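Structure, as structure tokens:
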Amino acid sequence: MASLIYRQLLTNSYTVNLSDEIQEIGSTKTQNITINPGPFAQTGYAPVNWGPGETNDSTTIEPVLDGPYQPTSFNPPVGYWMLLSPTAPGVVVEGTNNTDRWLATILIEPNVTSQQRTYTIFGVQEQITVENTSQTQWRFVDVSKTTQNGSYSQYSPLLSTPKLYAVMKYGGRIHTYSGQTPNATTGYYSATNYDSVNMTTFCDFYIIPRSEESKCTEYINNGLPPIQNTRNIIPLALSARNVRSLKAQSNEDIVVSKTSLWKEMQYNRDITIRFKFANSIVKSGGLGYKWSEISFKPANYQYTYMRDGEEVTAHTTCSVNGMNDFSFNGGSLPTDLLISRYEVIKENSYVYIDYWDDSQAFRNMVYVRSLAANLNSVICAGGHYNFALPVGQWPYMTGGAVSLHSAGVTLSTQFTDFVSLNSLRFRFRLAVEEPSFAIMRTRVSGLYGLPAANPNNGREYYEIAGRFSLISLIPSNDNYQTPIANSVTVRQDLERQLGELREEFNALSQEIAMSQLIDLALLPLDMFSMFSGIKSTIDAAKSIATNVMKKFKKSSLASSVSTLTDSLSDAASSLSRGSSIRSVGSSVSAWTDVSTQITDVSSSVSSISTQTSTISRRLRLKEMATQTEGMNFDDISAAVLKTKIDKSIQISPNTLPDIVTEASEKFIPNRAYRVINNDEVFEASTDGRFFAYRVDTFEEIPFDVQKFADLVTDSPVISAIIDFKTLKNLNDNYGIGKQQAFNLLRSDPKVLREFINQNNPIIRNRIEQLIMQCRL
């Protein structure tokens, strides 16, 4: 049988351990060498965290904490917090739209009893009653009126230890803080023409973008950090915010140190990162109402942009990590929408963007230190995707958004179709944004994140502006390349090849002839006949087999055999300790792992489903251990694999180990197994469905899970190539005799071939479904 290939791989995979050990010893021996550190090593100094040194500022980066600035009167931009840092009690800030809102904030020192004080607000002397009963905290209070000649009312007090306050114009409102630190929260006042509100500050202040509101709240509650990473050291006039320094350019190459052979160069670059997401949408076979997968894929993008009057050619690769798997099941009918898995990126996910351009900075990016980067944030919003059903209104997925925030940078290598590029990998953390996403015309709504269905929303690319700085050790002669291989490989060319090969394999399912497949499944395929279709020399055949076995021994199938071996040892020892007691648990647990679950067989259907599903996961190994004359799922799996290997034009010795291992794990995921007891058949599938029925009438009988567990231990396990539903359908439409039914139950290959040659639509459809399940 074709499944012999899997048995050979399981049997022989241990033999590669010796060659691995010899290789490891040799590698350790040859790599134990002494290296002369040279003049650029820092081995004589204590451990230290290297920083970027002087990184020239540019207008592309929006600082988190911009300031401090001197007191002034101006119209703050919408969507920016003004963080006020007063040093004395009195009026802190005032603002008005000259229509229906006059608002000011007053600071009151601790331990002030109720009293009237005179404040100058909008140039007018005002008598206001104030108090602060706190012994330690300062009190900010908002005073507001809605007419120019009206009286002031007090709102939203803030008791503050750090003595900081903030105000922002956004969304038709004026936002402030209230409560008590360290638990202060934001509030707001409605105002018409809010964007025209002019504000006058009477203390030093900072400017913080709304995207960093969490940072602003942290400052309000806990105070500014002791060492502030701000633009200015002392307060400057606000007009200095728009003055561009011409002392140094943002894009320059600086010689840090130099000897006769080597030099250290600092590269400062402004960059524009453009990227896009790619996705894979796979429909299941059948009537057209089922989708098996909607997932993210790495995406390459090449573009040009201008930097200091010079055209730059850049290349990016965007990939995601930490995806969240969602699913949707509209019902049990064949015409109900089903999405087995669709990926969503959320706040626990990361986006990686590998960036390369044709500037001098990337030419010798091998020995690098002091790598630092600053990048702006960007919001990625999803679009529509229609689930095109054959009949009825189409559901569609819409919405979803995340914002990307810079979280680090490291070296990487990008692999294109022609060349590998030393590049920078920018890591972005995610935050969910409005709007939420939903599957319209279903009950799925109000979910947050960015689904993989349409992550680009019709855009050609997303864009992020930023800059980076690094110091690179390069040859003093600019005509020389750094004599070493690629720096840090984080995305292998093999992954790209495997992705293309998986797509080709899945497409080849339509080209397999069923009659030939049955004949091929009956052949005793071994490793050499399986791999003979690959275009390689005979000398490489042994190496290919060794590499396949090396990969196969780490597969889930090999791990299951190892776990089963331990279980059998435990079962044998328990029997020897208590040989007089033969319980279901002691005899079955090695194969079924349900010794603790069969305490209440008739409790509920869900309990039986759980138990049969647990048993079914190990029936594949049981079937391998007790080979019968019938055909099994692994025979079909191996035959499909062999056919696709022979037809493939992209298969290579490098990709074969991964493909064979994946095929053993992923081909035909939905399997059903049966045991026969006289005229009764017990059938259970890996997804928890179970049937018990009589052979002569196909009439269902109660399913006895304990009897099924006993039969699994003592009787041969048979792959349900033609499952119960197909058998019942065949009997209802065509009628089959008892002997013919037994042959189909035993998966007799001769009978299966006869039905296929007779072009029986029910049997052909079942075999087609199994072939379509052979996907990677």
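Yeah, the Cβs are placed from backbone N, Cα and C, and that goes for glycine too.
Swiss-Prot lists 65-224 with the feature region 'Spike head'.
Mapped onto three states, the DSSP output places Arg101 (site 'Binding to sialic acid') in coil. Neighbour list (Arg101 (site 'Binding to sialic acid'), Cβ cut-off 8 Å, at least 6 residues apart, same chain): Ser144, Thr146, Ile174, Tyr189, Ala191, Thr192, Val197. Summarising the annotation, Swiss-Prot assigns site 'Binding to sialic acid' to Arg101 (among others) and lists sequence analysis as the type of evidence.
Annotated site 'Binding to sialic acid' per Swiss-Prot: Ser190 (among others), in sequence order. For Ser190 (site 'Binding to sialic acid'), the count of additional Cβ atoms within 10 Å of its Cβ stands at 10 [all protein chains shown].
Following the DSSP three-state reduction, the secondary structure of Cys203 (disulfide bond) is coil. Remark: Cys203 (disulfide bond) has Pro71, Leu84, Ser85, Pro86, Thr87, Val92, Val93 as non-local neighbours, by Cβ distance under 8 Å and separation of at least 6 in sequence. Residues or ranges marked as disulfide bond by Swiss-Prot: Cys203-Cys216 (among others).
Taken from Swiss-Prot, the feature region 'Spike body and stalk (antigen domain)' covers 248-479, and the record attributes it to sequence analysis.
Marked as disulfide bond by Swiss-Prot on the basis of sequence analysis: Cys318-Cys380 (among others). Its Cβ placed at the centre, Cys318 (disulfide bond) has 26 other Cβ atoms within 10 Å.
On the 0 to 100 pLDDT scale, the region 'Hydrophobic' (389-409) averages 88 in this prediction. Per Swiss-Prot, the feature region 'Hydrophobic' maps to 389-409.
Annotation comment: Swiss-Prot describes 484-511 as coiled coil.
Long-range contacts of the region 'Hydrophobic' (389-409) within the same chain, counting only residues at least 6 positions beyond its ends with a Cβ under 8 Å from a Cβ of the stretch, are 211, 287-289, 335, 337, 342, 344-347, 349-351, 371-375, 377-383, 424-442, 447-451, 453-454, 464, 466, 468. In the three-state DSSP classification, Cys216 (disulfide bond) falls within a helix. Here the CA atom of Cys318 (disulfide bond) lies 42 Å from the CA atom of Ser190 (site 'Binding to sialic acid'). Cβ-based neighbour count (10 Å, all protein chains) for Cys216 (disulfide bond) stands at 24.
In the three-state DSSP assignment, the secondary structure recorded for Cys318 (disulfide bond) is strand.
Each residue contributes its Cα atom, and for Cys216 (disulfide bond) and Cys318 (disulfide bond) these two points are 31 Å apart.
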